[in-house]
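*Asks:* Sending over a structure as structure tokens; questions will come in a sec.
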Amino acid sequence: RALNRDVFRRITKYAHQSELTIEIRHGDTTQKDRKKITENPPDVLITTPETLVILLTQAKYLDALSDLEWIVVDEVHELLSSERGTQLSLSVERLEFNSKFPLTKIGLSATVGNFEEAGKFVVGTKRKCEIIRDTSVRKYDVEIKYVDGTISDVAEKIIEHVSELDLDSPILLFTNTRGESEFLASILKEKSTIPIELHHGSLSKEVREETEQNLREGKRGIVVCTSSLELGLDIGSVELVIHYGSPRQVSKLVQRIGRSRHNRNASAKGLIITNNSDDEYEAQAILQRIQEGSIEEQKIHDGSLDVLAHHLVGLAMQIGEISIDKAFDLITRAYPFRNLKLEELVDVLDLLDSNYLIFFDRTKMTFWKKGRSFKYYFENLST
């Protein structure tokens with residue numbers, strides 16, 4: 001959602017210059033704005049995979065989406081190895097089925113390790129994909145510090161380090177868990193005179209947006225955060241990113257440290273601080289791989305049958321009565337379902353029918369929605 005807001009803020013000016021309307025629709029969108037978007041769909045819509053699943057069942061919005069020509073998937077690396085990505089791949093095929101035009105699909109990422117697989121994920125099966133790669137290399141100035149003590153000792157070392165630097169700009173402090181972020185923020189507030197803020201997905205929209213605005217304005221202080229501020233945010237004023245503990249993955253560290261000095265020519269500046277020797281060794285290995293330009297290859301999350309079941313119900317709600325052959329053709333165009341067998345599809349339909357979630361006619365080999373379809377569909381939007 002933070003990424004959605006940031007993208008919206010950045011491209012609104014360009015959209016208006018081209019006389020295009022633009023809106024944002026996600027979990028933080030008010031009921032009033034949701035109604036406005038449904039009644040008057042914009043030319044450009046910024047949304048999330050979960051919200052897109054909702055829009056695919058709204059007749060008025062489906063009518064507007066029938067003129068859809070372009071889909072852009074930002075931070076595509078985050079989706080490749082998750083059920084969330086599998087969900088999105090089927091949603092995109094449902095969009096293509098609904099549109100009068102063949103869709104042009106674009107995937108964007110700064111941390112993809114396997115370009116060919118990522119390309120296939122974005123465009124689907126039986127389609128060509130062109131990969132455009134920026135060959136410039138960003139440098140990373142990252143220090144690793146080990147603290148022999150508790151998380152309270154870590155907090156004191158962070159305060160000491162930040163005080164020595166005397167930066168007149170915001171600092172991001174990433175943790176791997178929400179619990180760590182809250183605990184570390186509380187200790188820092190108690191021990192430091194530096195302004196401390198907290199940002200994660202469970203905080204209110206107002207608190208998160210205020211913190212994001214303070215970052216954009218370059219207000220001095222430390223923002224303790226989780227992955228909620230990891231992706232693509234344009235915060236040019238951040239001079240330093242601190243990471244508590246090992247980031248676990250090369251791509252994670254690239255994304256997080258990359259929030260600092262966010263412009264093309266500057267080296268990213270970071271500090272990894274840990275009080276665990278295993279984390280220290282792991283961080284050293286990750287840092288070495290960054291210097292070598294070696295990012296993990298994300299494995300495509302293939303054939304999630306629970307996601308398939310959800311979208312079969314969604315198809316019945318979107319289209320009405322649909323033949324198995326038509327559904328099978330649509331589903332197997334999504335790259336994570338390229339190896340799905342017709343027998344597996346029939347088994348899932350049988351299961352849905354036996355649980356009274358759809359009607360499945362084995363004689364006609366068609367299926368359609370049932371009264372319980374809606375409840376099941378909207379109670380299982382998140383994977």
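The backbone N, Cα and C atoms fix where each Cβ goes, glycine too.
Heads up, TrEMBL stuff is auto-annotated, nobody curated it.
Here's the feature list from TrEMBL:
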- 1-130: domain 'Helicase ATP-binding' (DOMAIN)
- 157-313: domain 'Helicase C-terminal' (DOMAIN)
*Asks:* Within the domain 'Helicase ATP-binding' (1-130), how many residues are helix, strand or coil going by DSSP?
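*Replies:* With helix first, then strand, then coil, the domain 'Helicase ATP-binding' (1-130) has 67 helix, 16 strand, 47 coil.
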*Asks:* Let me know the model's mean pLDDT on the domain 'Helicase ATP-binding' (1-130).
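*Replies:* Looking only at the domain 'Helicase ATP-binding' (1-130), pLDDT averages out to 91.
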